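Engineer: Mind having a look at this structure? Questions to follow.
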Amino acid sequence: MLCGRRPERIHAHFFPVLLVTGVFLQSTILFCYDKYDSSVCDFAAQVNLNKGCLFSSAASYTDSSDDETSPRDKQQKNSKEIEIAEQEMPALMALRKRAQGEKPLAGAKVVGCTHITAQTAVLMETLSALGAQCRWAACNIYSTQNEVAAALAEGGFSVFAWKGESEDDFWWCIDRCVNVEGWQPNMILDDGGDLTHWIYKKYPNMFKKIKGIVEESVTGVHRLYQLSKAGKLCVPAMNVNDSVTKQKFDNLYCCRESILDGLKRTTDVMFGGKQVVVCGYGEVSRKGCCAALKAMGSIVYVTEIDPICALQACMDGFRLVKLNEVIRQVDIVITCTGNKNVVVRENLDRMKNGCIVCNMGHSNTEIDVASLRTPELTWERVRSQVDHVIWPDGKRIVLLAEGRLLNLSCSTVPTFVLSITATTQALALIELYNAPEGRYKQDVYLLPKKMDEYVASLHLPTFDAHLTELSDEQAKYLGLNKNGPFKPNYYR
């Protein structure tokens, strides 16, 4: 069980990192550490567990017996958890080995804002092995694995995150990650665009030294394109979300497994025969959520604004509807659009008793949760990340993760799939950091297709897979280089 609070709330001094690594009865052991600050402070503070400390979800892999473990033993255990993730992330480990004689990120100062999990820890350690200095904050207030954050801090990384941050804590962590004397980032690795937004808003002069931005999510990429269209994008940006490796693997295999995992862990729901409406039919929804739920025997409806995606849904065997046509009858509502106010109060009022409501998009804006915080409605915490919202007549809905990203808030995701995305992120950082001046303008770019293929090739040995090689005659006939790339840049 873990919890965390900003240091100024419980101590007279400000410390850039606060990680809580153990809970004993009514006491919490606190450790503060910043690699770029000469002061390192270990101290204990009494924190009443009834006044806001947040317990970890099932994703932390702990039970009550772990409460007897000392903080140091917990850190050792969870550094081993990072080692387990390394076994499922072969490409990042290959990058480390190939970088032993060279440091392609030497001098890079990477500031990151992503989900802080064991898989992210492997990425951070890889970036460090490649020569980079890293400072990190979380892109989601519920997805941080506290044990992993503690292990990273113990290993010398500057990490600003804990599970269950408030909105104020979230922005405070990002600010402390960026705003440090004697250290200025020259690369940004973002997931959702909040870090980029904060630097633009608070520290625009930092972009004079920043070489590029690498963005992973649909939401963040959309924000980058908005900046570019308005002529406000100051540096080159790499769109990882639309890379082939992200679209064909992360958005498919990750979501296909984690949507079921998240729903099962939080609600113990049986999927067979359940009526489900999925809002949006992009990559996350189509091949991920809808396919998984259909395979488990659910009756799946789809809402969509794009006629092309809508036609795909119809030809995949799903009934295309408007949300208000089925809202009274469905058992589960899932949003996957990247938009705002997809499910509004009117929809929530009309839902049946016991309807499960959750979000698989990055942002917490898809479900209008704010409209539920009114005097006539009662909120009842059932378990971690599960709330009953109760109407005056007794009707209740089951809201998961307060409308935030379900899979990383309430479950875990397949490490091997995240290896593909993390390797793509690492190569994008290397590409932007080492690109000669003038190669990339102040615009949004896709990863070169050769790099997509390289990422995939690094994962093939896991399956003992053997690629067929083109003959000279075949390569000439197709107009290709024998070593690739094998697809044009517009291929998705």
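Numbers run from 1 along the shown chain.
Backbone N, Cα and C define each Cβ position, glycine as well.
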Engineer: In TrEMBL, the substrate site includes T117, E216, K246, D250. Which of D191, D194, D268 does it also list there?
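Structural biologist: For the substrate site that includes T117, E216, K246, D250, TrEMBL also lists D191.
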Engineer: Taking just the CA atoms, what is the gap between T117 (substrate binding site) and G288 (NAD(+) binding site) in Å?
Structural biologist: 21
Engineer: Cβ neighbours within 10 Å, counted over all protein chains: which one of the binding-site residues K246, R286 has the most?
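Structural biologist: Its Cβ has the most other Cβ atoms within 10 Å: K246.
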Engineer: Please report the distance from the Cα of G282 (NAD(+) binding site) to the Cα of D250 (substrate binding site), rounded to the nearest angstrom.
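Structural biologist: With the alpha carbons as reference points, the distance is 13 Å.
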Engineer: Would you list, in sequence order, the binding-site residues among R286, G288, N407 whose CA lies within 10 Å of the CA of D250 (substrate binding site)?
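Structural biologist: Final answer, ordered: G288.
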Engineer: Distance check, please: Cα of R286 (NAD(+) binding site) against Cα of K246 (substrate binding site), rounded to an integer number of angstrom.
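Structural biologist: With the alpha carbons as reference points, the distance is 15 Å.
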Engineer: Rounded to an integer, what is the Cα-Cα distance in Å between E216 (substrate binding site) and G288 (NAD(+) binding site)?
Structural biologist: 17
Engineer: Give me the count of other Cβ atoms within 10 A of the Cβ belonging to D250 (substrate binding site).
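Structural biologist: Neighbour count, Cβ to Cβ under the 10 Å cut-off: 26.
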Engineer: To the nearest whole angstrom, state the Cα distance for the pair G288 (NAD(+) binding site) and K246 (substrate binding site).
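Structural biologist: Counting only the Cα atoms, the answer is 13 Å.
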